[in-house]
C-alpha cells in the first residue's frame with residue numbers, strides 16, 4: 001500500500017463520505033513499455049459540417065489507422081462526441097459533422113516535424129481550396145502543445161484565414177489570450193485561475209510549509225509561479241527550491257542529472273510538479289533512482305508512473321496527489337469503444353489503457369478489495385466487474401470543442417431560418433465569419449453537466465478534483481478520488497475530503513511532514529537568524545516567568561502578577577502564599593526559643609523578688625534590676641509580633657515595640673553603669689556627687705532615653721509607618737507576605753539611637769572595670785554590651801543579604817540573641833550565687849572577700 005497521506009481530522013475543512021453517484025475509484029492496465037520517442041506525439045483534425053447523413057461505420061473507416069497508435073484516445077473522444085451529436089435530433093438537425101483530414105503525427109509513423117509540413121516546397125497538408133459545395137467553413141482541432149497550435153495558426157493566418165477556425169485542445173496558454181492577434185483561435189482548456197489557491201489551501205491544511213517546485217521554463221510556468229507566490233504570501237509557506245526546467249535541454253543526460261541532485265538533496269518532502277506538456281516529466285523520472293521518488297508529489301497531470309525501467313513498487317514510489325479540473329463522468333463511452341474495436345469486456349482490459357471505474361455503488365469497498373488482492377487475483381476479479389471508461393483532460397477538451405462547434409452552427413442555422421436568410425455561395429470565408437460571430441458568444445452546458453464558455457475574456461474559477469495516483473503492480477495502476485476543491489464552497493472552506501477514500505489510499509495514519517524547521521512546542525518561542533527563510537527558525541526557551549502555551553509562538557507572554565511559570569513554561573500556576581508562620585519549622589523554633597527565654601527571665605525575676613533583701617540583689621539598685629528583667633522579658637515576647645500572618649497592627653507593633661523595649665533595656669544598663677561609677681566616686685561623704693547617688697538621679701536616665709526613642713518612633717509613624725507588603729520575586733512560585741518597614745531611614749535611626757546608648761554604657765562600664773570588686777558589676781555590664789554590639793553589627797550585613805521570611809527570622813534571632821546575651825552576662829552569676837552558693841550571699845562574706 002502507498003504510504004502517502006495521514007490522519008484527516010474533522011477540523012476546519014469538512015470531511016464527507018464519498019458521494020457514490022460519482023465514481024471515486026479508477027484503475028487501468030499499464031502498457032508494458034512506453035517508447036521515449038513517442039512521448040511528444042501530437043494530432044490535429046479538420047472537421048466540417050455537411051448537409052447529409054453519414055454511414056454507420058463512417059468513423060471506423062475514417063479513423064481505422066489510429067487504432068494502434070498512442071493518439072487513439074484523441075480519435076476516440078472526437079468520434080464519440082461527433083457520433084453523439086450526429087445521433088441527436090435536437091442538435092444540428094439535417095446536418096452531420098465529418099472529419100476532413102487528420103494532421104501531424106496522428107498515425108504514429110509520421111515523424112516529420114510539424115513546421116516542415118508547411119514548407120513551401122512541400123505539398124500542403126491543408127488544401128487552400130474546398131470545391132465540395134456541401135461544406136463551407138471548416139474547423140481545425142490542434143494539440144497537444146501550444147507550439148504545434150501556433151505553427152498551424154501561422155499557416156492558416158497566411159493562406160486560409162478566415163476560411164478555417166482553429167480550436168486547441170491542449171493546455172491553456174497565455175500566448176493565445178490576445179484576441180486581436182489570434183481572432184479566429186479558441187482555447188478549449190480553461191485558464192488555471194484557481195489552481196494556485198487550491199494547492200495552497202491543500203498545503204496549509206496539512207501544515208506543510210517547506211515546498212519544492214518544478215516548473216517548465218516558459219511563460220506558462222512563470223505565470224503559475226507568480227500565482228503560487230501570490231497565494232502563498234503571508235501564509236508561512238516557503239520554497240525549498242524552484243527549479244525551472246528548460247524544454248530545450250530536458251532530454252540531455254547532464255541536465256537530468258542536475259535536476260535529480262537538486263531534488264534528492266532537498267529536505268522538502270512535498271514537491272509540486274507543474275507541467276503542461278504531456279509526458280514532459282515522465283521521461284525524466286524514468287532515469288532516476290527510487291530514493292528521489294520517496295516524496296509527496298502534487299501535480300497537475302496524470303503521470304505515467306514508472307513501471308518498466310526500474311523495479312519501482314509501492315514500497316518506494318508513494319504515488320502522487322493530482323489536481324485535475326472537475327468534469328462530469330461520461331456514460332456510454334465504453335460501449336462506443338467496444339463497438340468501434342469490436343471487443344469483449346475481457347479484451348477491452350488488455351487493449352485499452354484508459355482509466356476505468358465501477359458503474360455501481362460500493363466503489364470504495366471495491367477499491368479496498370482491489371488493493372488487498374494480489375496482482376493475479378486483482379485481474380481475475382476485475383474481469384467480472386461492470387465498469388465504464390473515462391476521458392483524459394485533452395479528450396474532455398476535444399469533446400467540448402466538438403459540442404461548441406455544433407452549438408454555434410445550430411444557433412446560426414436557427415437565426416438564418418428565422419430571418420429567412422440563405423447563404424447563396426459567398427464562400428467559406430463569409431461563412432466562417434458568421435460562424436465565428438456565433439462561436440465566440442457560445443456558452444452551454446454539455447451532456448456531462450460541465451459549463452462551457454467560449455468567450456476568451458471571461459475569467460472563471462475552476463473546480464478541481466483531487467486524485468491519488470499509484471501502481472498496485474507493474475501492470476496495474478489505480479486512481480482514487482480523495483476530494484473536491486471549489487472556490488465557491490461556503491464559509492471559505494475551499495475543499496471537501498472523502499474520509500472513506502482517504503483511508504483506502506492511506507497505508508498509514510501518520511502524515512509525512514514537510515517543514516523547514518520542526519515546530520516549537522509550548523514553552524519555546526521562534527527566533528529567526530539572519531539569512532533564514534520565514535519558515536526556517538530555531539526554537540528558544542521562554543525567558544524566566546514567561547510562557548508559550550501554543551506551538552510556534554513568536555513571543556512568550558508574562559504570567560499575571562499572582563501567577564508563575566511552571567517548569568515546562570507552558571502554563572501559569574497560581575502562586576502559593578507564604579510567611580513566617582508558627583507551622584513553619586523555622587518559625588516554630590524561634591517561637592519556642594522566645595518562649596523559653598521569656599520563661600527563664602520570669603524565673604530570674606521571681607528569684608530576685610524572693611531574695612530581694614539579700615546583699616547581692618540590693619547591690620547596684622534592685623529596682624533597676626527589676627526594670628531590666630521586665631524589659632528583657634518584653635524583648636523576648638516582642639518576637640511573637642514577627643511570627644504569623646502579618647497585618648497592619650502587627651507590622652506597626654513589631655517595630656515600635658522592638659525599638660522602645662530595647663531602649664528601656666539598654667538605658668537601664670546605662671543607669672546601672674552610672675550607678676556603679678557614682679558609687680565609687682562618692683565614698684567620701686563630703687563630695688557633692690553623693691547627693692546625686694542618694695537622690696536616685698541615675699534612675700531618670702531610663703524615662704529620658706525612652707522618651708527620646710518614643711519621639712523618633714512617633715515621627716516614623718507619622719512620616720512612613722510600617723505596612724504589609726507582598727514579595728513576588730524572592731521565592732519562585734510563592735508570594736511572600738512581609739512587613740515593610742516603611743521608612744528605612746527611621747528604622748536605622750532607631751537602631752542608631754540604641755547603638756549610641758549601648759556605646760555609652762559600654763564606655764562607662766569599660767572605664768569602671770578596674771574598680772574594686774566588692775559591689776562592682778561593671779565587668780558583667782561590659783560583657784553584656786560587647787555581646788549586644790557583636791549581635792547587631794553582625795545583623796546588618798546578614799539582614800541585607802537575605803529576603804523574605806528568612807530576613808524576618810534574622811531580625812528575630814538578633815533580638816533573641818542580644819537579649820539573651822544581656823540576660824546571661826548580667827544575671828547568670830548572681831543567680832548562681834543565690835541558688836547554688838547561698839553562703840556567699842551575706843554581708844559578712846562580702847566584707848571578708850569580694851565575689852565579683
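From the backbone N, Cα and C atoms, a Cβ is placed for every residue, glycine too.
Unlike curated records, TrEMBL annotations are generated automatically.
Remember, predicted model here, so these are calculated numbers, not experimental data.
As annotated by TrEMBL, signal peptide applies to 1-18.
The transmembrane segment feature in TrEMBL is assigned to 586-611 (among others).
Under the heading domain 'G-protein coupled receptors family 3 profile', TrEMBL lists 586-850.
Per TrEMBL, the feature transmembrane segment maps to 623-644 (among others).
Residues or ranges marked as transmembrane segment by TrEMBL: 656-680 (among others).
Below 8 angstroms of C-beta separation, residues 624, 627, 652, 655-656, 659-660, 663-664, 666-668, 670-671, 674, 742-743, 746-747, 749-750, 753-754, 757 of the same chain, each at least six residues beyond the ends of the transmembrane segment (700-719), sit close to that stretch. Residues annotated as transmembrane segment in TrEMBL: 700-719 (among others).
According to TrEMBL, the transmembrane segment annotation covers 745-768 (among others).
Annotation source TrEMBL lists transmembrane segment at 780-800 (among others).
Sequence-distant contacts of the transmembrane segment (812-835) (same chain, at least 6 residues past either end, Cβ-Cβ under 8 Å): 590, 593-594, 597, 600-601, 604, 607-608, 611, 614, 616-617, 625, 628-629, 632, 635-636, 638-639, 642-643, 658, 662, 665, 669, 777, 780-781, 783-784, 787-788, 790-792, 794-795, 799, 841, 851-852. For 812-835 (among others), the entry in TrEMBL reads transmembrane segment.
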For the domain 'G-protein coupled receptors family 3 profile' (586-850), would you mind checking the mean pLDDT of the predicted model?
83
Positions whose Cβ lies under 8 angstroms from the transmembrane segment (623-644), at least six residues beyond its ends:
579-582, 587, 590-591, 594-595, 597-598, 601-602, 604-605, 608-609, 617, 650, 653-654, 657-658, 661-662, 664-665, 668-669, 671-672, 675, 698-699, 702, 739, 808, 811-812, 815-816, 818-819, 822-823, 826-827
In terms of Cβ proximity under 8 Å, which residues at least six beyond the ends of the transmembrane segment (656-680) contact it?
620-621, 624-625, 627-628, 631-632, 634-635, 638, 641, 689, 692-693, 698-699, 701-702, 704-706, 709-710, 712-713, 716-717, 750, 753-754, 757-758, 760-761, 764-765, 767-768, 771-772, 775-778, 781, 784-785, 788, 815, 818-819, 822, 826
